[in-house]
Amino acid sequence: MLLSLNWLREFVPYTGTAQELGDRLTMLGLELEEIIRPFDAIADIVVGHVLECGRHPEADKLSVCRVDVGTEVLDIVCGAPNVAAGQKVPVAKVGVTMPSGLKIKKAKLRGQPSCGMICSESELELSDESDGIMVLPQDSVPGVRLVDLLQLDDTVLDISITPNRADCLSVLGLAREVALAFDLPLTMPQLELREQGEDAGSDVTIAIADGAQCPVYQGRIIEGISTCPSPLWMRHRLKSVGVRPISAIVDVTNYILMELGQPLHAFDLDLLEGARIVVETAAEGERFTTLDGQERVLKASDLLIRDGAKAVALAGVMGGANTEINDASRRVFLECAVFKPATIRRTARRLGLSSESSYRFERGVDQVLSTFAMNRAAQLMCELSGGVLRPGVCRAEPAPWQAAQLRFRPARAAALLGISLDDGFCRETLQKLGCTLSGADTPEWTVTAPSHRHDLEREADLIEEVGRVYGMDNIPPVLPKVSKPLEQGRTDSEYEFWARIKAWGRGLGLNEAVNYSFVGHKDLDFLGLPAGNRISIMNPLTSEQDVLRTELAPGLLNTLRHNLAQGSTGLQVFELAHIFEADQSSDTTARESGRLGLLVYGQRYQDGWPRREEDAGYEDLKGIVEHLLRVLNLGPAAFTLRKDHSWLLPCVEIRVGSVCAGVAGRVKPDIADAYHARKDVWMAEIDLDALRTLCRDVAVQFSALPVFPPVKRDITVMAPASVPVSAVTDHVRGMSLKLFSDIVLVDVFEPETPEGGTPERNLTFRLTFRHAERTLKDKEVDKERDKVAESLTEALGVRI
C-alpha cells in the first residue's frame, strides 16, 4: 500500500517525518518497506515566463524564446508548436538532469544559443501527453519550483499490509492507525452534495439473487457530465500512489478507492437497458467481454452484474466493454457494492484478473462506509466533470451489516500479554479503535467491533490490539518460570519427539511423505469418515481442498496414486503431521492431534538379484510398528481385531497396555482400486500424542548381557482359525514361568478343512528359556514347556 504523506495529512495533523511514521507503523504491525519521493527527479524544474517568442531564422519548426526564470532571463530554442509569448512554463536550466537521465547543457541549435529547455508533461514524466509544452496557470510566479507550485513535494511510504488488515488498504485506514499511534484527531472529508432534478431512487431497480454473495448494492445517477481530464492535483496525487490517470470520471473512482478503500464502478447509463440491475451468478460456460477487450469464459460460481438484457460487469473484478464510459457519455450510473470476498477471490485468480478493486473485495470492504464513499465520489464527479447529481439512491440491501460482539476480560489480557494492565488503558484503547463497550465496570466486557475491522473475531484479537497499542517493544523481557524439574533423557518437546520418529523412519529405509493439511470433503466422504467433526475452510483455494484433514489416509493414498502413475512397483512411506477436528469445548473450537501414517504397498524389495519378487503384506506393516515401539522402549503391543473400521478391512487395533495407540490393516479393495492400486494396500495410523505420553513414563533401565546360553523348544498349537496368534503369545507371556524368556511364531500351516468342519491352523512357536546364573538342564526346560502346553490347552481349548 502506497501512502502519500500529503494525502494522509488531510485526515490527521501529523507533523513528524516519514521515517518516524514508518517506524511507528512497523511496531504496530504495518511494516515499512520503503520511503519514496516520487517527484524528486523534477525537483530542480522551475517556473518560467515566456517574455518573447519568435521564429528561428534557420528552421521553421523551431522558436527562439526569451524566458524569465526569476533570477535571470534565458535564451531558449523550443520546438513545441504551442509555445507562445506570455505563457508560464516549466523550465529545466543548464545543469539539470531530466527524469530520463538527459543532462541539460548549453548548446547552439542552427546557430542560435539555447540555455535550457522548456518541458512537456511527458518529458517531466507527469503524464503521457507529448503534443506540446506544459502550460502552467497564469498566476504562477517565475523562479518558483514546479513541485512547490503543483504541490508535488511529497513523500510516499510503501507499507506492507498483512492479509487480515483489509481496513488499512486506504489512506483513511492508515490514518486511523496514525491517529491511534500518535493520539491525533481524525478528520473525515466534508460532504456537500448539491442535488438537482426529480428523485432518481426508482429510476433503476436493483435485484440481488443471493444476499450472501452481495449484501448491498447501490448507485446514484449523475447527468450532464463531460469526459474531460481530471485536474492536475488529482492526476499527480493518483500518480504518486501508482495509479495511472485516465479521465475525470474514472479517476474519481480510483481516487475514492485509494482514499476510502471502497471500489466503485461507473456505467454509461444510456448503455444500460431495461432500467434494471440484477446481481446473480453466471451460467456455466457463459461468455463475457471485459473492459480490456478479452472474452472470458465464466463458471457458475462467478458473480455477474446484468441489466435488463445483458451482462454488464464481472462483479468485483472488472466492468464490461459494452457499458464503459466513453467520450460520448453524458449520464453516469455510479455503482457502489459489497461482494462476498471468497467469490471474488476465486474468480479473480481463475481468470488472472487481479486489480486494485478485486484486491480489496477479496479481503473485505466496509459495508457501513460504502454509502459515504459513494456520495463522496458523486460530489467529486460533479465538481470535476460539470455534472448534476440527481436526488435519491437506487439501493438494495438484503443483508444489513451485523456488528460482531466479543467478550473482553482485562485480567485475561494481562495474563496473555504478561504485563500489568490498567482497565482505563484497555477501555481507552478499544474506544480509539472504534469499538463500543458495555459492562466495562465488570470483569467481563462486551465489545462491539467497528464495521471496518473484519479481523476482530474473538477475544484474543482484542487482546492483540491492546498489546499493539501498548507496544510489543515495551513489554519487559522475562525468563520463563520452570514449573517442573528438568529430567535428563525425557523428550517433553513435541519437536524433539517428532525428530526422533523421523530419524527412525529414515533409518529404517522408509520414504517420508509431506502432504497438504487441506483435503476435500469428497475425499473424507469416500473413506466413510464422519462429517460432524470436520473443520471447513472459509476461503478454500480449490474445491478439492475445502476442509482440514481429520486423518492422514487421504494424503497418503494420493501419494500412492502419484507414485503409481510414475511407474513405481513398491512403496513404503511414512508421514508425521497434524490432524484437525472440531471441538466446541476448546477456546479455538478445534483440536489438533499428532499422527504417524504408514503405507506399505507392492514389491517388498527393489529389483535385482538375489532378492525374490515378493509383495509386502501385513507382517511387514506389523513389524514396522513393533520396531517403532521397541525403539521407544514401550514394549510389546497387542494387535486385536476390529470389525467396524470405515476404510480398513481387516483392521486391528494397536494397544500398548490399556492405551489405544492406533489402527492398522488393509485398505478396502474398492477404495484401493479408486486410487489405481492393483495390489493390497496396507496402512497404519498411530496416535503420536498417546505414544509421547507413554514415553514420559518409561524409565530406561540397564540390563546386563546374558552370560549363559539360551535353550529353545518348539511347540505346535493346533487351534481354530478364529484364535489369533496374539492370544497364544499374550497368554504365555502372562504365565509365571521362572525360566521363560521369549516366544515367537516361526511357522503357520493351514490344512484342508473337511466338509462341514471348523477351519483350523497349526501354529508353531519357538520358546526361549534362560537362567541368568547357570546353564539349564533339559529336564527343567521340558518341564517348563509342558507347563506352557497344559496351560494353553486349559485356557484356550487348543491341542498341542
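Just so you know, glycine gets a Cβ as well, placed from its N, Cα and C.
Not measured: the values here are computed from a predicted model.
As recorded in Swiss-Prot, the features of this protein are as follows:
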- Asp455, Asp461, Glu464, Glu465: Mg(2+) binding site (BINDING)
- 39-147: domain 'tRNA-binding' (DOMAIN)
- 401-477: domain 'B5' (DOMAIN)
- 706-800: domain 'FDX-ACB' (DOMAIN)
Worksheet item: According to DSSP, how is the domain 'B5' (401-477) divided among helix, strand and coil residues?
Response: 33 helix, 11 strand, 33 coil
Item to complete: Could you give me the DSSP helix, strand and coil counts for the domain 'FDX-ACB' (706-800)?
Response: 28 helix, 31 strand, 36 coil
Response to the item:
Its residues classified by DSSP, the domain 'tRNA-binding' (39-147) shows 5 helix, 46 strand, 58 coil
Fill in: Residues flanking the Mg(2+) site, with Cβ no more than 8 Å from the Cβ centroid of Asp455, Asp461, Glu464, Glu465 and excluding those residues themselves
Arg453, Leu456, Ala460, Leu462, Ile463, Arg468
Fill in: Residues that sit under 8 angstroms from Asp461 (Mg(2+) binding site) by C-beta distance, when 6+ apart in the chain
Leu406, Asp455
Discussion item. Quick check on the binding-site residues Asp455, Glu464, Glu465: which one has the highest count of other Cβ atoms within 10 Å of its Cβ?
Written reply: Glu465
Worksheet item: Over the domain 'FDX-ACB' (706-800), what is the model's mean pLDDT?
Response: 89
